[in-house]
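Below: one structure, written as structure tokens.
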Amino acid sequence: MAVSLWQQCIGRLQDELSAQQFSMWIRPLQAEMDGDTLVLYAPNRFVLDWVRDKYINIINQFFTEQMGSDAPKLRFDIGSRPSAKKPSVPAPIAPTRVANTQTKATVGTTFNVQAEPMANANHRSNINPSYQFDNFVEGKSNQLGKAAALQVAENPGGAYNPLFLYGGTGLGKTHLLHAVGNGIIKNNPNAKVVYMHSERFVQDMVKALQNNAIEEFKRYYRSVDALFIDDIQFFANKDRSQEEFFHTFNALLEGNHQIILTSDRYPKEIDGVEDRLKSRFGWGLTVAIEPPELETRVAILMRKAQESGINLPDEVAFFIAKRLRSNVRELEGALNRVIANANFTGRPITIDFVREALRDLLALQEKLVTIDNIQKTVAEYYKIKMADMLSKRRSRSVARPRQVAMALSKELTNQSLPEIGDAFGGRDHTTVLHACRKIAQLREESHDIKEDYANLIRTLSS
């Protein structure tokens, strides 16, 4: 009875959570009765803690609504339910067997058409050891991406395969790829982990064709334990490369070997890539990495300054973070310039000093992002008239874009709420605040709004 109740609860959670949240946290759970207690089994400690912290109240409330005082007690455990014949999550990848001529430190490399790279005992991993989960600054914009990456590192080839991360340039996708690779290697030094840009895969295939070594190419890429490919959108219109990757993809998944892909856009929006590939990209878990919000931008600056041995005043970090919003790479580049100028001149890092050091960059940002620019961009995106943005019309087709534009104005400009309200037809600041809160809520609940907002930020920040 209680297990059946859990199935009903799953239906409720699927309605209330986003597809990403449901796939990451609820789908991996298994349920079984133990006396008067319903035990929920999570695949690992990370999932267990997250579900217990975030969703236990929703679950208990549903049980009480359905069964009142007869509702079962709830307990969490790690693993699979004892009666399960098979685990719901595939077993972790087995380490690749290596020949006696190879070192145990074999991890990954790029393809070499002259000889199979695995025959070289001295080749090194191309996973960057400096990219770790510990130095990845987490915020709302990348929380799901980091959580998924952590689980893949702990259980490669398991729950989320393939993992597809998408978002604009400089948001931390590559950092997460390397962090996963480092996590896999830490747990299994014999694992063969390969990271590369999609253009390198294409180059390797072309060289293999030129050197009559296509079989070696296939053997190498289909033998890895984990394959991470950055910027998969560069496969567009490269038919032979897509054909080879299609078969490589299938071979790796059949062997429960982990695949992680990144792109600057949602899989179905990648032009020039075969539908059968785009379909496979969505077989596992697809997660958006969005531009960092203000608090995360500040945290990134403070972490970077700390790593550089620089004391960055809080007010300076906020000043920079409020004005540079597009991506992490831009933030770090700006801070590097400030630090270099401070070291060269010997002057303390103050807001006035930062204004001077980043004069051209700040001027460009202020010129690019204005409320008027946001209104025009949003009106064009949603195909409404600019006049509607300022009107009193309340139909959803107009009100929702107006709310999106208000939220973007708060995030991307330095204008106050009253100033934003004035720019939207003399509206009160409480209307702007309500719009910002409503859009923040919808970005959690609606995939379409989340995508629209991310697309608009990319457009306005480019």
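Any Cβ shown, glycine's included, is placed from N, Cα and C.
According to Swiss-Prot, the ATP binding site annotation covers G170, G172, K173, T174. The feature region 'Domain I, interacts with DnaA modulators' is assigned by Swiss-Prot to 1-84, with sequence analysis given as support. Taken from Swiss-Prot, the feature region 'Domain II' applies to 84-125, supported by sequence analysis. The annotation region 'Domain III, AAA+ region' is assigned in Swiss-Prot to 126-342 on the grounds of sequence analysis. Sequence annotations record features per position, and here Swiss-Prot assigns region 'Domain IV, binds dsDNA' to 343-462.
Highest local Cβ density among the binding-site residues G170, G172 belongs to G172, counted as other Cβ atoms within 10 Å over all protein chains shown. Same-chain neighbours of the ATP site beyond G170, G172, K173, T174, judged by a C-beta within 8 angstroms of the site's C-beta center, are, in sequence order, G167, T169, L171, H175, L176, T262, I289, N327, V328, R329. Residue density at K173 (ATP binding site): 24 other Cβ atoms are found within 10 A of its Cβ, drawing on all protein chains shown. G170 (ATP binding site) falls outside any helix or strand according to DSSP and counts as coil. Note on T174 (ATP binding site): other Cβ atoms within 10 Å of its Cβ, all shown chains, come to 20. The DSSP breakdown of the region 'Domain I, interacts with DnaA modulators' (1-84) into helical (H, G, I), extended (E, B) and coil residues amounts to 48 helix, 17 strand, 19 coil.
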